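Undergrad: Here it is, the structure, as structure tokens.
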Amino acid sequence: MRCPSLARLPHRAVSGLTRTPVRFQSQAFLTARCASTAALRSATPVHQSVLNRRYQQTRNASGTAAAVLEAAAQTPDSLSQEAIIENLDPVEAERLSRVRNIGIAAHIDSGKTTCTERVLFYTGRIKAIHEVRGRDSVGAKMDSMDLEREKGITIQSAATFCDWVKKDEDGKEQKYHMNLIDTPGHIDFTIEVERALRVLDGAVMILCAVSGVQSQTITVDRQMRRYNVPRISFVNKMDRMGANPFKSVDQINTKLKLPAAAVQVPIGAEDEFEGVVDLVRMKAIYNQGSNGENIVVKDEIPEKVRELAEERRRMLIETLADVDDDMAEIFLNEEEPTEKQIKDAIRRATIGLKFTPVFMGSALANKSVQPMLDGVIDYLPNPSEVQNTALDKKRNEAQVKLVPYNALPLVCLAFKLEESSFGQLTYIRVYQGTLRKGSYVFNARTDKKVRIPRIVRMHSNEMEDVSEIGAGEICAVFGVECASGDSFTDGQLGYTMSSMFVPEPVISLSIKPKHSKDYANFSKAMARFQREDPTFRVSFDPESEQTLISGMGELHLDIYVERMRREYRVDCETGPPQVAYRETISQRVEFDHLLKKQSGGPGDYARVVGWLEPTGKLEENQFEEQIVGGSISEKFIFACEKGFHLSCEKGPLIGHKVLGTKMVINDGATHMTDSSEMAFKNATQQAFRKAFQEGNPAVLEPMMKTVVTAPAEFQGDVIGLLNKRGATINDSEVGVDEFTVYADCSLNGMFGFSSHLRAATQGKGEYTMEFSHYEKAPPQEQRELVKKYLQAQADRHKK
């Protein structure tokens with residue numbers, strides 16, 4: 001038998017695992033496993049007639065949960081999501097069916113925060129609507145930083161909890177709980193989007209009705225695919241001049257390569273935008289009231305859009321027939337699908353990552369946001385319908401499934417940290433078990449035991465204290481010292497969540513407070529920002545005696561410098577941007593190095609023999625020992641390995657990290673009294689420096705995947721700008737009124753590009769960059785970098 005709402009569930013493995021076919025398994029499978037579970041064995045047979053019915057049911061339920069947990073750990077591939085759902089406690093199944101963990105993501109300035117503001121208003125989360133650039137601390141809850149309100153961009157992901165009351169077809173009202181996360185659109189804050197998608201079960205992708213799919217929309221799409229997050233689409237700004245929602249639908253199909261079809265058509269557009277026609281129910285929907293809070297549904301579709309609505313409904317059914325077997329059968333039999341059949345097909349295809357339904361409206365004009373919320377309930381999965389995995393540290397990090405049962409041992413993830421007036425606020429997603437106030441949990445990374453003093457949910461203008469949070473929900477806790485991405489358990493399981501994808505920083509700045517009295521606050525700010533943001537790094541360069549901050553781009557670091565000034569009242573001086581270069585060798589070099597210092601008393605003696613060679617890929621460095629006969633003891637080998645890794649932290653060429661280099665030690669010699677771990681560490685470092693210089697060394701520079709979008713008339717100017725910077729153009733797309741160029745550019749060549757692009761395109765061009773890979777810098781640039789480094793070293797020695 002096929003369950004229409006669960007036919008194609010996403011097999012979501014957060015570490016990018018491949019999807020496997022969904023299999024149904026009966027209760028009998030788990031009953032048999034349950035019977036063999038040691039915890040449930042009994043010396044005497046248990047008879048229903050003897051025991052209290054309720055006690056027996058509770059015992060059976062806990063036994064089934066234990067059996068499911070065992071199957072999830074031992075044979076995760078054979079345990080289907082349907083079997084997990086089938087064996088859910090009925091009360092738990094009802095609770096989870098009413099939960100949605102969703103995010104809102106899109107290109108910058110597509111109206112994410114404006115849309116979220118309406119969602120909060122219509123769900124009763126806030127009492128009045130306030131715009132993105134406003135100064136009201138209530139209305140601008142999702143942009144709570146002054147910096148966000150001034151710049152009109154979202155920097156951090158803001159999380160909130162709200163209730164949405166949806167009317168069923170029979171008119172009965174049902175309350176659903178939504179955990180909603182608003183995310184940044186700017187590429188420099190991409191870690192915020194990664195963190196949000198990591199813990200969400202579904203997303204709303206917002207597009208501009210005028211611009212359609214833009215460069216950052218493509219990045220967000222790639223992130224959603226990485227975490228297998230199903231999404232519905234919302235074409236916003238239908239009241240703007242030049243609004244064309246069907247261009248967005250076409251671009252989702254062509255640019256994002258994702259089948260899409262409109263589930264609504266607009267009644268009017270631009271200044272005359274009145275409402276939408278629901279293509280599933282074939283009814284007209286209008287918003288009334290000063291803030292569009294009243295929904296009016298009419299059976300009569302306006303004559304001016306009737307033909308368009310019928311045509312688009314046919315296209316919706318045809319698209320669904322391409323991605324859903326049941327709808328294909330109905331379509332081939334030339335039958336007219338019912339409203340329920342269309343809804344079920346949309347839900348199956350959306351959750352199966354094969355389709356996205358496209359809604360349309362205008363958040364700023366307070367029109368058609370509520371039908372989009374109904375779409376979240378109808379078409380996005382609840383927590384029990386999504387597969388999540390963890391790693392079992394006790395079994396060599398074997399992959400296990402997480403089961404959203406409250407009765408099972410706790411597994412949860414801290415995905416975001418914030419400072420508040422009450423202390424550190426930690427956002428947590430519970431995947432399995434129950435998180436209770438006052439309970440103790442174990443940090444899987446540090447193995448430290450931590451007490452949970454307070455649990456809150458963001459609700460109705462304030463934090464709502466709760467005593468416990470069940471599986472599948474998101475909450476915030478106070479008083480827990482941890483880092484972003486830490487996993488927590490109750491100690492019964494040795495599970496850790498596979499970590500989020502965290503890109504390496506590509507740009508650095510030297511930074512110091514202008515006034516020495518500010519060093520205490522400066523240190524506090526640095527420590528806090530590092531805990532909150534894994535892509536923000538702080539280091540100290542002992543040679544230049546400078547503190548360096550590293551991040552994803554100029555804006556990323558500028559925001560933190562500005563936050564330090566506003567939140568900690570620390571004015572800072574920053575140096576010019578520094579590129580994160582790397583060093584490597586190009587050929588194999590053998591070495592035989594002797595360190596010998598014997599001038600009376602304890603001396604140093606160490607001889608190391610081996611070779612350096614490139615690994616073939618510009619990835620991690622490798623150390624290997626191939627010693628036969630014990631010429632170097634094991635403790636000295638460890639010292640050699642330590643010396644190698646220390647050498648890789650600061651290369652001989654320009655003082656940057658070494659990449660893609662392998663050291664092999666296959667012989668050596670020791671002295672009975674003068675050999676020590678320190679001597680072998682130093683000998684390895686000296687051998688490394690000498691051999692590295694002989695191995696045809698090279699400087700590597702970071703290459704950035706760059707996407708430039710501008711009006712079509714500026715295509716020649718933009719191509720010229722990229723060519724001047726030595727970019728490699730990989731692809732280009734020319735639309736009706738704009739074009740997009742995809743190129744690989746060196747980060748060093750892209751400094752100042754934004755101002756030149758604005759000048760060349762009359763302020764209409766935009767671009768995004770993200771790290772792609774390392775490759776050798778041009779010879780002239782390498783020579784200049786080496787010369788500059790040697791000069792700096794000489795100047796330092798003179799002092």
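In case you wondered, yes, glycine gets a Cβ from its N, Cα and C as well.
Feature table excerpt (Swiss-Prot):
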type	residues	note
BINDING	106-113, 182-186, 236-239	GTP binding site
DOMAIN	97-384	domain 'tr-type G'
TRANSIT	1-24	transit peptide
Undergrad: Considering every residue in the domain 'tr-type G' (97-384), what is the mean pLDDT value?
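TA: Mean model confidence (pLDDT) across the domain 'tr-type G' (97-384) is 82.
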Undergrad: By the DSSP assignment reduced to helix, strand and coil, which category contains LYS112 (GTP binding site)?
TA: helix
Undergrad: Looking at Cβ-Cβ distances, which residues of the chain lie under 8 angstroms from MET238 (GTP binding site) while being 6 or more apart from it?
TA: ALA209, PRO245, PRO266, ALA269, GLU270, PHE273, MET360, GLY361, SER362, ALA365, LYS367, SER368
Undergrad: For ALA106 (GTP binding site), which of the three DSSP-derived states applies: helix, strand, or coil?
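TA: ALA106 (GTP binding site) sits in a strand per DSSP.
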Undergrad: If you draw a 10 Å sphere on the Cβ of LYS112 (GTP binding site), how many other Cβ atoms land inside?
TA: 28
